[in-house]
Amino acid sequence: MNSTLSLNRPVRNYTLGSFKNPKLIEARPSRHQLRSHLIDFSKLKWFGNVNSRTGSSVQQQLQYYSGESRRITSRRIRVSSNDAQFGSFPNKGGAESSSFAEFITSERVKVVAMLALSLALCNADRVVMSVAIVPLSLAHGWSRSFSGIVQSSFLWGYLISPIAGGTLVDYYGGKAVMACGVALWSLATFLTPWAAENSLLALLFARAMLGVAEGVALPCMNNMIARWFPSTERARAVAMAMAGFQLGNAIGLTLSPILMSQGGIFGPFVIFGLCGFLWVLVWLSATSSTPDRSPQISKYELDYIMNKRQKSHAVESKPKTKMIPPFRRLLSKMPTWSLIVANAMHSWGFFVILSWMPIYFNSVHHVDLRQAAWFSAVPWCMMALTGYLAGFWSDTLIRNGTSITLTRKIMQSIGFVGPAVALVGLTAAKTPSTASAWLSLAVGLKAFSHCGFLVNLQEIAPHYSGVLHGLSNTAGTFAAIIGTVGAGFFVELVGSFQGFLLLTSLLYFLAALFYIKFSTGERVNFDESGQYHSHHINT
């Protein structure tokens, strides 16, 4: 569309009296005076298609009748091609809706795409050890239980950083903290081969440092999405970012055996570490911490985000969060505990499947390492797909009038009850293909949790979403350590994976009931002491 538009009908002259008709104009700036220099002519529906000549004519008359003395420059009435595309709004609220074409090409989608890449690297770096542990165990003579300890060393570091990292994210913003986190975990991944060649202690320390750095990833993701996306798009945004997270599992599991066959056991550690350093350079140069600081964002997109943000009480509307958050008040509310329990169960299932499925396929179904990695990777691709579908469905429910509370409970119920049923089916699988199908169903339905508790963090505490995510992540890390190490000891004592899968299924059911009972989609007041208090954030 050309930047200058032409009229197909004669130009009409308007007088100040025309503006007294409420049918002709949507908003009047003042009861006594019409301030012409504040009018955006591209958004006055009754002008039809406006060209620069018409805009100048009308502006001159407005200036004359309102008594304005200063000269309005031509850039105030400029109509760009982008404005022409979105200048006629279907809703009477102005920049109220966003088309799919605008959404997918917007600056905020570029930000979430970069977040998805960082989370893909995050998981690829951690999952490499799930594949490398098999040849390392054979080379060093490690038992199953000790292999679990080596894999859990990542979680030792991951246990330390989420609360501190979440506090830093709330205070400094997601952009800077994410850059530091990716740089540090890429360095830890890059140095893992050197550490493994020197001593077991050095290897454990390198994996622990990887965990420390990766502990800030999800709080940063939540912070950036809360700043860049209105509430009606956040489930989709989280789903897109978490799709990268799951694809990182698939990339790590499928590429690691190939890279190991070409460059040795430590080939993928070096490649993924270098990719992380490249990501940091692009992130710092191509993204901004908030929409109003972005030099690339269009005026339409900025107006749309700001308009929606004012309605949903976004995080930027409040002064900077206190450096020391109110931990006692955060932990005094049952919605907080519903998130903690949900994250703990989500992490238990996630890390058990991530860490032990290659060994499960290798030992139970007797497939070689490369085939085991492929069978283990398929479910994570399924999770990336179902995660986006869940996000789209969740946002659609909210736009159609379903309350945020009910929507989150529906998503979380599917995300926990679905995997619980599928894991029961997995215990009865007789072939690798059947087992992979059940596992894909379990992991795919698990993605609905991202539109449950993970988005819910932003809704009940937008000013403390980082530290709240840190608290729940710490509980999740405890659960993941117990699950990852416990699975190894359980298999050694009982002699099979099936019993542990049934235990995990039971825990999924119990966590779903707890979340349904105590969660909410309303804003919870953590800044005042007293009993439970909240107000609605959905309109």
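A Cβ is built for glycine as well, from the same backbone N, Cα and C atoms used for every other residue.
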Among ranges 110-129, 410-429, whichever one TrEMBL labels transmembrane segment: 410-429
Intrachain residues whose Cβ lies under 8 Å of the transmembrane segment (202-225), provided they are six or more past its termini: 111-112, 115, 118-119, 122, 125-126, 129, 150, 153-162, 165-166, 168-170, 173-175, 177-178, 180-185, 188-189, 191-192, 194-196, 234, 237-238, 241, 289, 315, 454, 457-458, 465-467, 469-470, 473, 477
Recorded stretch, among 148-169, 237-259, 410-429, 435-455, 497-516, maximising Cβ pairs under 8 Å relative to the transmembrane segment (265-284): 237-259
Stretch in 148-169, 410-429, 435-455, 467-491 most in contact with the transmembrane segment (497-516), if contact is a CB pair under 8 A: 410-429
